[in-house]
Amino acid sequence: MLLANMQWRWFFIVLLILLFALGTNKSDALEEAEGDDIGRDKNGDELPEFISCVNSTIKTECHSSNNATLPLYLQLTLWTCEDNCKYNCMHNISDTRPPPLLQFEGKWPFYRLLGIQEPASVLFSLGNLLMHYYYLRVMTGKHKNNKSTNNKEWMDDSTIPKNYYMWPFILGYCWININTWIQSSFFHTRDLPWTEKLDYFSAAMSILYSVYFAILRIFHIEQRARQLWIGGVLLVLYLVHVGFMSFVSFHYVYNMIACGIFAFIQGAMWVLWYIVAFLKKDKRVLAYGHWVIYATGANAMAILLEVFDFPPLGRVLDAHSLWHFSTIFVTPLWYHFVIQDSLSECHWSLLPQTDDENYNYHQHYDNNEVERQEVIALRQ
């Protein structure tokens, strides 16, 4: 299929736009900050005017039936009267105060939409969710296409053989990432202690599972006992991480460092795997292995948006939401590699590496009747 090729181009276009927005916004913020030394290093929730606004507003607007005065959409998204007072005061202070824009309780001030606290991040999280769900359907053969010249239904990408030892782990990768983006959507809808924990713990699980996936594939771990042993070790590490964050200290810097280390390990493993194949001149791997380099490199560049934070554009788009946006375009690169790698490992014909949008991928199988019949049999 051509989705990966097309998304690769789109990603570069989007990334350039995002990096331009990042640089422009960063320089603007620095210029604005130069003219305002008052409260530059202070959080907005520490300002006397904010504290006074919140206290007075709660006294006048919050009473025994506090949530009864809130619109239904705010009640459904778990806003309380006190939360609503803080939200209104936050924007009132931000509107009347000169630049730079300050954070409140460690968060940038965003305009909510129908009770959704960070609409852009929710939208882009759902975009990532749909992308992983789409490829889950591709893997399981449920994404059909009727463009075949003989009017038979064919998939855009071949279904991975179910007897391939990585088959359950590929499905596991899809489901774990779907869960991660569901939790991300919940968290950005309402930033509450329990939604925050679910978001952070789900992200950590997806990173550790990516390491697990890389180990099993790169080192060809096909024995069930070894798979369970490696999985058990990583599971213990995950439970220790969750336990520390839950019962010792919910430490943001520690979480970022821990997740960053394992994300780096996972990316480095794939890069080294490709380098070894390149040095060995393994033509089979070199025919498609560059896709994992594209995916790893693109993901690393996208993380720049998470590292170099900046105030939200129009109080809607911040670096974190734009990072979520960019990962939508990274996902097809990874799954394209997984599909090609799986077909190669199972000795199926690779999908042609072509940029021709008119290429008939279904005819690719029609040219080999024996292989086509084997594909049909395995799919059934």
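The count begins at 1 with the first shown residue.
Every residue, even glycine, has its Cβ placed from backbone N, Cα and C.
Database features (TrEMBL):
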SIGNAL    1-23  signal peptide
TRANSMEM  119-136  transmembrane segment
TRANSMEM  164-186  transmembrane segment
TRANSMEM  198-216  transmembrane segment
TRANSMEM  228-248  transmembrane segment
TRANSMEM  254-279  transmembrane segment
TRANSMEM  291-310  transmembrane segment
TRANSMEM  322-339  transmembrane segment
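Beyond the transmembrane segment (228-248), the same-chain residues lying 6 or more positions past its ends with a Cβ under 8 Å from any Cβ of the stretch are 197, 200-201, 204-205, 208-209, 211-212, 215-216, 221, 254-255, 258. Here the transmembrane segment (119-136) has long-range neighbours at 110-113, 143, 171, 174-175, 177-178, 181-182, 184-185, 188-189, 316-318, 320-321, 324-325, 327-328, 331-332, 335, meaning same-chain residues at least 6 beyond its ends whose C-beta is under 8 angstroms from one of its own.
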